[in-house]
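For reference, the structure is listed below as structure tokens.
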Amino acid sequence: MSAVALQGRDQLPHAGRIVVKVGSSSLTTPDGHLDPQRLAAVVDVLAARRAAGTQVVLVSSGAIAAGIGPLGLPARPRDLATQQAAASVGQGLLVADYERAFAAHGLTVAQVLLTAEDTWRRGRYRNAHRALTRLLDLGVVPIINENDAVATDEIRFGDNDRLAALVSHLVHADVLALLTDVDALYTGPPSRPGSRRIAEVRAPGELDGVDVTARGSAVGTGGMVTKIESVAIATQSGIPVVLTSAAQAAAAFAGEDVGTWFAATGRRRSIRLLWLAHAARTRGRLVLDDGAVRAVVERRTSLLPAGVTAVEGAFEAGDPVELVDAAGGVVARGLVAYGSDEVPQLLGHSTGDLRDTLGPGYDRELVHRDDLVLVRRRR
Ligand SMILES: Nc1ncnc2c1ncn2[C@@H]1O[C@H](COP(=O)(O)OP(=O)(O)O)[C@@H](O)[C@H]1O
Ligand SMILES: N[C@@H](CCC(=O)OP(=O)(O)O)C(=O)O
């Protein structure tokens, strides 16, 4: 694997390992069936990359969309139970089509279904990392999707864009390719007259003023908003992203001037913090006094119980929570070290007091600084 991030799209042909995310709209028909021809066209491009020596991890959506037709549903279901049912039906059909299409190129595939926790909880992360790297070593193309049949509303990502970014981090990919139904990021929704293609984004500030909508195609989720979130996760941890359509994928992988290239802006960082910053659903809030806000934001210290004035929500030790100032503005997100039933008795007390009154073990931080990410406040 290359140790240095790819500097531009012209280096794409030299990527050693890529994660490719394909959206539902590129694989299915509007009436909720798989489109084997379009699926095979994507596979042809990926097989060509493999033949050129690149390892490929595919993150494929389409399970829910592919279950719509066979179940006779009128449209993409909105309730969780029917989404789970549709995904369970569609996932089998999806992987069967992939298996056939890759086999035509002599390639073996593996289905890997992940939940959000597999990408960030330490033991699970290592487990998923080990399984995926072994599959790659064995020459297999892993096909990843969220485990929609068991993911509840609280824990699911719901969109594969952010899952793909976390998977890129998990497998140490050189680049993430987001394939969708538009050929690039535009300055506004592509249907709006005057919207122009953005060829390259080298810093997050260049996205100021770009109008992205959450409305995706009839079968997809998240629209461009979750793709921009995905781009932030990947680029901030040193992985560049190319966003284009499935139809332009071959040209993009050849390094041609198509799609949008997002340069890496940061260095590899903890996946837990990426997840906390961009993907975690928080379970509660801790209200900080002004001194604690300054300590956490300016001095980057851990959060101690003495600086917390109130607690909201129901959470367990290890759950993600928001840290808010007295006015309710979110200043950070963190993994809390105590459950919500224990926190009230700790508030306002120094760690020394807590050790003396409640015993050793109660002198630990409420949120350790290693488990904390600051949230950029809107100006
Ligand atoms: N600024 C923008 N540039 C490009 N596409 C945009 C923009 N804003 C919104 N979109 C919409 O996002 C859609 C892609 O999202 P989605 O349907 O969720 O794709 P997928 O199923 O591939 O994940 C495009 O069809 C496009 O209409
Ligand atoms: N896991 C879901 C993915 C939903 C999703 O992210 O869809 P899309 O916006 O088309 O990438 C499925 O397979 O239907």
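Residue positions begin at 1 at the first shown residue.
Keep in mind that glycine also has a Cβ here, set from the backbone N, Cα and C atoms.
Whatever TrEMBL says is automated annotation, not expert-curated.
Since we're looking at a predicted model, the values are computed, not measured.
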*asked:* Record says Ser61, Asn160 bind substrate. Source is TrEMBL. Which of Asp148, Asp153 does it list for that same site?
replied: Asp148
*In whole Å, note down how far the CA of Asn160 (substrate binding site) lies from the CA of Asp181 (ATP binding site).*
15
*Which binding-site residues, if any, among Lys21, Asp148, Asn160, Met224, Thr226 have a Cβ under 6 Å from ligand 1, given in order along the chain?*
Met224
*Based on DSSP, name the secondary structure state of Asn160 (substrate binding site): helix, strand or coil.*
helix
*Counts of helix, strand and coil residues, the domain 'PUA' (284-359), according to DSSP*: 23 helix, 23 strand, 30 coil
_Rounded distance in angstrom between the Cα atoms of Met224 (ATP binding site) and Asp148 (substrate binding site)_ = 21
